[in-house]
2 protein chains.
Amino acid sequence: MELIKDLGEHELLRRLKAYCHPHLVGDDGAVLQVSEGMELVVSSDMLVENVHFSDRTTPPYMVGWRSVAANLSDLAAMGAYPLGITVALSLSPQTPWHWVESLYQGMNDCLKSFHTSIVGGDLTRGEVSAIAITALGEVKPEQKILRSTAQIGDSIVITGNHGLSRAGLEILLSPQKYQHIDQKTQQKLILAHQQPQPRLDLLPLLNPYHPITGMDSSDGLADAIIQICQQSNRGAKIYQDKIPIAPEILQIADLNTALKWTLFGGEDFELVLCLPPKKAQQLINHHHSKTKIIGEITEEKKVVLIDNNQPCSEHLLTQSEIFSHF
Amino acid sequence: MELIKDLGEHELLRRLKAYCHPHLVGDDGAVLQVSEGMELVVSSDMLVENVHFSDRTTPPYMVGWRSVAANLSDLAAMGAYPLGITVALSLSPQTPWHWVESLYQGMNDCLKSFHTSIVGGDLTRGEVSAIAITALGEVKPEQKILRSTAQIGDSIVITGNHGLSRAGLEILLSPQKYQHIDQKTQQKLILAHQQPQPRLDLLPLLNPYHPITGMDSSDGLADAIIQICQQSNRGAKIYQDKIPIAPEILQIADLNTALKWTLFGGEDFELVLCLPPKKAQQLINHHHSKTKIIGEITEEKKVVLIDNNQPCSEHLLTQSEIFSHF
């Protein structure tokens, strides 16, 4: 097996160049154009071996796909279209070349599906592998999505189902336990975990509805709502019966677990958006899909989950609760 | 001693926010303005504990300063003015808070002296510490400095002395060996290693002389010349007697070693520039300092070091030679 230490830095760089935008590599930095009148959006992420990925749950192709998807999702969360990403990589000398190749193929395939590319980076050795990605995007100032601008009465909209990625992880961690589940369901959940889709596709659909407040649900649906409320200095009411629970999750978990994964699972990379109720309803009417209103922004600075089927059931969602779940 | 693992993620983030640009942190990404008509320049770097820094040679303040300096130098090398940097940090739970605080103070002090700041980032745990920095800058298209545009006959200009950082490292590695050297010399060399200055100060002085080809000498003077020649598909003649050897280096090393450190030492972060001889001379006349012409770009695709004091002395500089020195 060909290892990184056998290749040498120059050969490794030569091979990795094949994955980078050809006109942008070879100088101390990459030069990019930001379109006139657009603002630059920048987001950075670091993924470390044995913390964010391991060979047990994620093949290198998927590590690459997911790390890019997470960064492109940060752009989508700001309303920004991608300009490119930089990749700084620390590799153990014992890493097989095949691992690195698959990592870059995964990154590249994800980037390609969103018409963008690697524009620069760095390569170094280290005891453990680590991937640092910086995503660059551009946004029209009036289409910028921030967390801090939610208004009392805004509807809270989610752009798709949550908890699927968490359910997929569960199957990967305990395949024996779920071997009786049909292959199609297993595949769908595993794919949700390994090849999540950043919601850049939604940005053009949002054009008529700005200003919009929001972020992505990369750290979970509940976390996103709490973050938006904290940054906006507001609260929220979330209605449990309005939160869709994917039927695939209910095939592998009871309702209580499914609700927990849906609220706290993370890595679904949907958008959580706040906008006036009328506009929210228009958005949903025009966008025939899984976009749903699940609650509203309130004056009182707490986030409560309300179960309409049970009288007087109010459950307070807090960040410490989120942490206690994982 | 307060350790990272005792602080918790939220408290750590709260403390680190103090070092970031206040208006830019709190969303999925930072929003920056690129001035009208300017292009965006992006450069990424990864530094890993025990590879790029260790407590033996570099206190955390200096790790912070140097990592920022290296990235700002990449911008200077492109002719670009800084817009800000992002910092993605992986920290071992055993890291003392004081180490992180000093790291950020070093980064911030270097950033402040160049009127820029941290605009975003990421924080994660890992077995070893690693720092990934992405520097963002802007440049007028006609003032962009590339490596690939050197012309036959261009003079090769360096903006200052080389080898000082390497000499400083030597003193840090073997303090006993150099304890007889006067304190002022020791301090100057150590400072060159620990607090290098990216040459952003030179950019306004270069305005009348564009187009200029070049890069920084972060990987050594010889490396910079070889890289420029490779990217420009040219060669170079370098005259040994025109390469200034800093007198401080000669206090701790013989002439042969001093020349090696000057050519191959690295991390001096000067600029290596190529421009027509007349313009090069004008630049030097106007800029009364250590800026010097050390050679010229040639058609023949090899980089030769010529010792005018010895007849027929031509020494071929190659990348494999650079690697064999370290």
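In case you wondered, yes, glycine gets a Cβ from its N, Cα and C as well.
TrEMBL: automatically predicted annotations, no manual curation.
According to TrEMBL:
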DOMAIN    A:26-139  domain 'PurM-like N-terminal'
BINDING   A:D28, A:S43, A:D74  Mg(2+) 4 binding site
BINDING   A:D28, A:D74, A:D216  Mg(2+) 3 binding site
BINDING   A:S44, A:D45, A:D122  Mg(2+) 1 binding site
BINDING   A:D45, A:D74  Mg(2+) 2 binding site
BINDING   A:H52, A:E267, A:F323  substrate binding site
BINDING   A:Y104, A:G121, A:D122, A:R147, A:S218  ATP binding site
DOMAIN    A:152-307  domain 'PurM-like C-terminal'
BINDING   A:D219  Mg(2+) 5 binding site
A:S43, A:D74, A:D216, A:D219, A:E267: the binding-site residues whose Cβ falls under 8 Å from a chain B Cβ: A:S43, A:D74, A:D216
Tertiary neighbours of A:H52 (substrate binding site) (same chain, Cβ under 8 Å, six or more apart): A:S67
Other CB atoms, at most 10 A from the CB of A:G121 (ATP binding site): 27
Number of Cβ atoms other than its own within 10 Å, given for A:D45 (Mg(2+) 1 binding site): 24
Neighbouring binding-site residues, C-alpha within 10 angstroms of A:D216 (Mg(2+) 3 binding site) - of A:D28, A:S43, A:S44, A:Y104, A:G121, A:D122: none
Most Cβ neighbours inside 10 Å, all chains, among the binding-site residues A:S43, A:S218: A:S43
Whole-number Å value for how far A:D122 (Mg(2+) 1 binding site) lies from A:R147 (ATP binding site) (Cα to Cα): 31
A:D28 (Mg(2+) 4 binding site) and A:G121 (ATP binding site), Cα-Cα, nearest whole angstrom: 10
For A:D122 (Mg(2+) 1 binding site), the one of A:D28, A:D74, A:S218 that lies nearest, given that the binding-site residues are compared by Cα: A:D28
Confidence summary for the domain 'PurM-like C-terminal' (A:152-307), mean pLDDT rounded: 95
Spatial neighbour of A:E267 (substrate binding site) that is closest, considering only the binding-site residues A:S44, A:D74, A:S218 and their CA atoms: A:S218
Cα distance (Å, whole number) from A:S218 (ATP binding site) to A:D74 (Mg(2+) 4 binding site): 9
Using Cα positions only, nearest of the binding-site residues to A:D45 (Mg(2+) 1 binding site) (A:D28, A:Y104, A:D219): A:D219
Where A:Y104 (ATP binding site) sits in the secondary structure, as DSSP reduces it to three classes: helix
Secondary structure composition of the domain 'PurM-like N-terminal' (A:26-139) [DSSP: H/G/I, E/B, coil]: 36 helix, 45 strand, 33 coil
